[in-house]
Amino acid sequence: MSKNSVIIVAAGKGKRMNSSISKQFLQIKNKPILYYTLNKFSTHESIDEIVLVALEDKIEVCSDIIDKYNINKVSKIVPGGKERQDSVYNGLKAVSKDCEVVLIHDAARPFVTSDIIENGIRYVNQYGAAACGVIPKDTVKIKDEKGFAIDTPNREDLFIVQTPQCFNYNIILDCHEKLKKHNKKVTDDTMVLENYGKSVYLYEGSYSNIKITTPEDLILGEQILEKLT
């Protein structure tokens with residue numbers, strides 16, 4: 001029977017947080033951010049397994065969090081790579097052999113909703129690849145190399161991509177292997193497909209589905225959690 005798998009990428013060092021602790025281990029309401037992220041997927045009925053990608057020296061810390069909070073469905077914890085795309089590739093190689101749909105999600109994005117997860121799976125079955133996100137609230141400018149504004153795109157044409165980014169497993173694995181062969185660099189997994197002419201359907205995420213990257217995000221995260229509980 002085919003499975004829906006999720007790869008949680010927790011191999012970042014969080015330099016922008018100005019903390020010696022990796023952002024996924026910082027706490028909100030006395031629980032680590034990683035707990036909230038793992039728990040959301042482990043309690044979702046459509047998710048069959050979780051592969052957690054972590055810094056090699058943090059694998060034991062991750063294992064302790066999983067045990068402490070009785071997180072189910074984590075099948076493996078694997079070490080990350082030099083770049084995010086290398087970490088994702090390690091995760092892709094570790095999922096179950098009968099995985100059909102794979103969701104790739106940031107560990108530091110703990111407020112993903114059940115609907116976002118479910119819709120991602122549904123759109124993959126329909127289109128082969130999908131990513132959630134939001135239309136920017138602010139006006140966005142394009143500037144030249146000297147720092148002067150040269151254009152103002154229509155906000156309705158712009159999309160701030162979030163995670164999970166969701167794919168047919170064979171498609172994303174094939175594109176990642178081509179990426180390694182061609183030694184290309186990307187900043188997210190939708191770009192992996194774009195490099196090889198594949199389309200990604202963009203669907204509605206949530207303005208609350210933030211990635212906790214800076215100290216200000218921690219404060220906002222506490223406010224979001226209070227509204228959700």
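Glycine is treated like the rest: Cβ placed from N, Cα and C.
Feature annotation from Swiss-Prot assigns site 'Transition state stabilizer' to Arg16, Lys23; the stated evidence is sequence analysis. What Swiss-Prot records for Arg155, Lys211 is site 'Positions MEP for the nucleophilic attack'.
Shown here: features listed in Swiss-Prot, placed on the structure.
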| residue | record | DSSP class |
| --- | --- | --- |
| Lys23 | site 'Transition state stabilizer' | helix |
| Arg155 | site 'Positions MEP for the nucleophilic attack' | helix |
| Lys211 | site 'Positions MEP for the nucleophilic attack' | coil |
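Across the fold, the C-alpha of Lys211 (site 'Positions MEP for the nucleophilic attack') and the C-alpha of Lys23 (site 'Transition state stabilizer') stand 10 Å from each other. If you take the Cα of Lys23 (site 'Transition state stabilizer') and the Cα of Arg155 (site 'Positions MEP for the nucleophilic attack'), they are about 30 angstrom apart, rounded to a whole number. Cβ crowding, taken as the number of other Cβ atoms within 10 Å, peaks at Lys23 among the recorded sites Lys23, Arg155, Lys211.
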